[in-house]
Amino acid sequence: MGKVAAKIKVMPDSPEIDLDALQERLESALPEGAKINGVEREEVAFGLTALYPTVIVPDGSGGTETVEENFSDVDGVESVGVENVGRI
Amino acid sequence: MSEQHQNLAIIGHVDHGKSTLVGRLLYETGSVPEHVIEQHREEAEEKGKGGFEFAYVMDNLAEERERGVTIDIAHQEFSTDEYDFTIVDCPGHRDFVKNMITGASQADNAVLVVAADDGVAPQTQEHVFLARTLGIDELIIGINKMDVVDYKEDTYNDVVEEVTQLLKQVQFDTDDASFIPISAFEGDNIAEASDNTPWYDGEILLEALNALPEPEPPTDASLRLPIQDVYTISGIGTVPVGRIETGVMNVGDDVVFQPSDVGGEVKTIEMHHEEVPKAEPGDNVGFNVRGIGKDDIRRGDVCGPADDPPKVAETFQAQVVVMQHPSVITAGYTPVFHAHTSQVACTIESIDKKMDPSSGEVAEENPDFIQSGDAAVVTIRPQKPLSIEPSSEIPELGSFAIRDMGQTIAAGKVLEVNEK
């Protein structure tokens, strides 16, 4: 089994949020065995900016569920969704 | 180089040679950067394996990508005479199926890799069904590892027959499938017709890829925009955010949100923080609709035109494949359905038909139960209002994953919606 990269879209709960601080909170919320490999940002609309961390998880350990759950609980996160998955 | 772009899924059972095939395609089409080839050539020669450098390409690219600062998942690209392809290399584990259904729409067409020495394996079945659920139009089936079975025509024909049965089971039109005997490792029938298979005179892989139909962006379909989040922005008001799946949204359009059943006129649309007059499939937008308050709409609503509103299902009939379930599924079972941005508990009201895996025919009408590996037609009743569409009309909003006990237990596509 190889590894899987999942590009995850994280929407903040307001346009005013400190994105750097949010990014740090996401990093520290990662479950064991997963790692963030770069975070992209995309300006969406009306001041809202989405964060797109690419998270590497092993192929064969239950998908991205734990990462999604942990990210959802992070302060300042409105929603979490997986945009794309692919083997690396 | 060509102008047309295709997303190509590489699917198949683990160890049937997907990565090797990806490496071979990149290699044969000259898509691997020169310095990488050089590096591999040197390494291969050092190890006394000159000529096999392509075999290292995938491994090392994977390592490079993992080391890199950012990983672009849509990273592996190659060009043929007709198309620029981006490879979607599907994860093997079934828990990723949910992501592939609810994520950004991915593949247009697919190459199914089946090892000649192993035949149809569990993930072959899952991936074929997934391909169908995700609305893949054409399937190229590479019967791989022909070198391992000494290029025997009989073995090839046996595997072709086995895969044909599988396609029938999930009702994949075999007219939309083409079979090719290949060896990704040796390079047979990939870029050049192989002398090892004189009994085969059909298309080789690159020819089959060139012959794929052009993908059509779903701009002609009715607008469908599943709502991801709803914000209150000072000075603007209520702003729903989401990605357009089908159709076009224009400023001034009269839209409705279902199942919340409210609507109004689109006042402004923003994308990349800039005001735009219209938005198209794939665009991530925030917009503002006259007269809509934050509590009027919610995540899971679908925005569509007032004169062709998103359907709300009282019940719906669907084709499902059970991927993993510890016991059996009977009528009354109520797991959580994941469809677009919606997550709703739904009851399987009746199991209408079970398909025979060997013939694809209806094996049993109204069976008592279905279990792992079964394909069936079922009738489903959402426990809360759910907007969903028949896959034949709007495939982007016609598929779902079923989850329970922390696992993806089944995936399905909607055949018919009985509206409220």
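Using N, Cα and C of the backbone, Cβ positions are placed for all residues, glycine too.
Annotations in TrEMBL come from automatic prediction, not curation.
The shown structure was predicted, so the numbers you read here are calculated from the model rather than taken from an experiment.
These features come from TrEMBL:
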BINDING   B:12-19, B:89-93, B:144-147  GTP binding site
BINDING   B:Ser19  Mg(2+) binding site
DOMAIN    B:3-219  domain 'Tr-type G'
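Sequence features, as recorded in TrEMBL, placed on the structure.
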residue	record	Cβ contacts under 8 Å, 6 or more apart
B:Gly12	GTP binding site	B:Lys18, B:Leu112, B:Val113, B:Val114, B:Gln123, B:Thr124, B:His127, B:Asn144
B:Asp15	GTP binding site	B:Ala115, B:Asp118
B:Cys90	GTP binding site	B:Ala9, B:Ile10, B:Ile11, B:Phe96, B:Met100, B:His127, B:Leu130
B:Met146	GTP binding site	B:Ala116, B:Tyr156, B:Pro181, B:Ile182, B:Ser183, B:Asp188, B:Asn189, B:Asn196, B:Thr197
Count of other CB atoms lying within 10 Å of the CB belonging to the residue listed as 'Mg(2+) binding site': 22
Chain A neighbours, filtered from binding-site residues B:Gly12, B:Asp15, B:Met146, Cβ-Cβ distance under 8 Å: none
Cβ atoms near B:Lys18 (GTP binding site) (within 10 Å, other residues, all chains): 29
Where B:Gly12 (GTP binding site) falls in three-state DSSP terms: strand
